[in-house]
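Undergrad: Pasting a structure here, questions to come.
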Amino acid sequence: MSVKIAVLGAGSWGTVLADLLANNGHEVRLWGNSAETAAEINDHHTNKHYLPDFKVSPKVVATLDLKSTLAGVQAILFVIPTAAMRIVAKQVAPILAETGAKPIIISATKGLEQNTHKRISQIIGDEFPAELAEGLVIFSGPSHAEDVATHDITSLTVASQNIGDAEWVQAIFMNDYFRLYTNDDMVGVELGGALKNVIAIGAGILHGLGYGDNTKAALITRGLAEISRLGIEMGANPLTFMGLSGIGDLIVTSTSVHSRNWRCGNALGQGQKLDDVLANMGQVVEGVGTAKAAHELAQQHHVEMPISESIYRVLYENANVQDEINKLMQRRGRREMDFQR
Ligand SMILES: NC(=O)c1ccc[n+]([C@@H]2O[C@H](COP(=O)([O-])OP(=O)(O)OC[C@H]3O[C@@H](n4cnc5c(N)ncnc54)[C@H](O)[C@@H]3O)[C@@H](O)[C@H]2O)c1
Ligand SMILES: O=P(O)(O)OC[C@H](O)CO
């Protein structure tokens, strides 16, 4: 099966996914907001700012015009930062309405919207008619672009309320190094993908401070406990957090030097200032915005998320990292399997 697909977002993940789809035999247009990047992809088949050593398939056509990018496509893959999701959705929706097209919408974006705390599926639900939003497929799991670029074996989850749409997406993406599993738990898959970025900042902070492997394993495990606690309260299937979009993604993001969230935390642990770290990153660090949304959601749902709350205070209230670690260690003893709020 060969399909025509628009990939929206010419950053690191959008570029690698566009390349993968083109190599799988699909017709791919990669839309971005930088004329320089589009020219580089079309003329030199590179995107060096994001992926210095990567050669993009010459079959990927980079574009700047959204209307022509969307013409006749069977699927639209959003791969833009959470902060731009609603902005871009508002540009896409009227173009589809004008032509009456009903492509499958896919999102590989991981985060929660600032101020509204909404998940990506809720933003899509706000901006698109129900018949399009209901088939949304969420694409999530342990997948650094840098590793997929070298065809490292990678497995992800594709979640949709309409499992037929998830299976369609599974079929167009799978190949000998890329394996997808379907799931119908949108809440769990989206929350796992978003909240792990906050814990990954914490893992980076611990590394930057010189803590060892025991400490990092404790953070990941107790981080998963609090992600699960909020997720269960919000209606997720607890078992989803044991899957690729839960513990799988939490492991990779909390341990990989490719992770922007981990690198941000590492620099903070070494004493750098958040504004400087973000300015130097040149790529999206989703966990920073998500930490604020998670803090507000935890309060709204009366769920205890002590690690995420500590990270929130470090990021937004200039709290001292070592004081926050001490506070976490001085909490009263708890039952391990307490997933009630
Ligand atoms: N990089 C990865 O390995 C990876 C893996 C899985 C998921 N993700 C998720 O995918 C999403 C995108 O991440 P990324 O790594 O590709 O980010 P990135 O920082 O590498 O690139 C983001 C791209 O979005 C573009 N963009 C921003 N605002 C835009 C707008 N209004 N209109 C059009 N384009 C706009 C930027 O120009 C940039 O090209 C994030 O939610 C991230 O968590 C990334
Ligand atoms: O580089 P990060 O920290 O944004 O993580 C990217 C992906 O979410 C890893 O699966």
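Backbone N, Cα and C define each Cβ position, glycine as well.
Copied straight from TrEMBL:
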ACT_SITE  LYS196  active site, proton acceptor
BINDING   SER12, TRP13, TYR50, LYS110, ALA145, ARG260, VAL284, GLU286  NADPH binding site
BINDING   LYS110, GLY141, SER143, LYS196, ASP249, SER259, ARG260, ASN261  sn-glycerol 3-phosphate binding site
DOMAIN    4-162  domain 'Glycerol-3-phosphate dehydrogenase NAD-dependent N-terminal'
DOMAIN    185-325  domain 'Glycerol-3-phosphate dehydrogenase NAD-dependent C-terminal'
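In the displayed structure, how are the listed features positioned relative to their neighbours?
TA: Other Cβ atoms within 10 Å of the Cβ of LYS196 (active site, proton acceptor), summed over all protein chains shown, number 33.
Here GLU286 (NADPH binding site) comes close to PRO81, THR82, LYS110, GLY111, ALA194, ASN197, ARG260, ASN261: these same-chain residues lie at least six apart in sequence, with C-beta atoms under 8 angstroms from its C-beta.
Reduced to three states, the DSSP call for LYS110 (NADPH binding site) is coil.
DSSP places the residues of the domain 'Glycerol-3-phosphate dehydrogenase NAD-dependent C-terminal' (185-325) in helix, strand and coil in these numbers: 112 helix, 0 strand, 29 coil.
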Undergrad: Between the binding-site residues LYS110, ARG260, whose Cβ has more other Cβ atoms within 10 Å than any of the rest?
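TA: Of LYS110, ARG260, the one with the most crowded Cβ is LYS110.
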Undergrad: Give me the Cα-Cα distance between LYS196 (active site, proton acceptor) and ASP249 (sn-glycerol 3-phosphate binding site), rounded to a whole Å.
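TA: One finds 7 Å between the Cα atoms of these residues.
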Undergrad: Could you check which of the binding-site residues TRP13, TYR50, VAL284 is the closest Cα neighbour of SER143 (sn-glycerol 3-phosphate binding site)?
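TA: With Cα distances computed to SER143 (sn-glycerol 3-phosphate binding site), the winner among TRP13, TYR50, VAL284 is TRP13.
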Undergrad: So among GLY141, ASP249, SER259, all listed as binding-site residues, which is physically nearest to VAL284 (NADPH binding site)? Use the C-alpha atoms.
TA: SER259
Undergrad: Considering Cα atoms only, can you say which of GLY141, ASP249, SER259 is the nearest neighbour of TYR50 (NADPH binding site) among these binding-site residues?
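TA: Spatially nearest to TYR50 (NADPH binding site) by Cα position is SER259.
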Undergrad: Give the mean pLDDT for the domain 'Glycerol-3-phosphate dehydrogenase NAD-dependent C-terminal' (185-325) on the 0 to 100 scale.
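TA: PLDDT averaged over the stretch: 98.
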Undergrad: For ALA145 (NADPH binding site), write down the residues of its own chain that are at least 6 apart in sequence and whose Cβ falls under 8 Å from its Cβ; none is a fine answer.
TA: SER12, TRP13, THR15, VAL16, TYR50, LEU51, HIS258
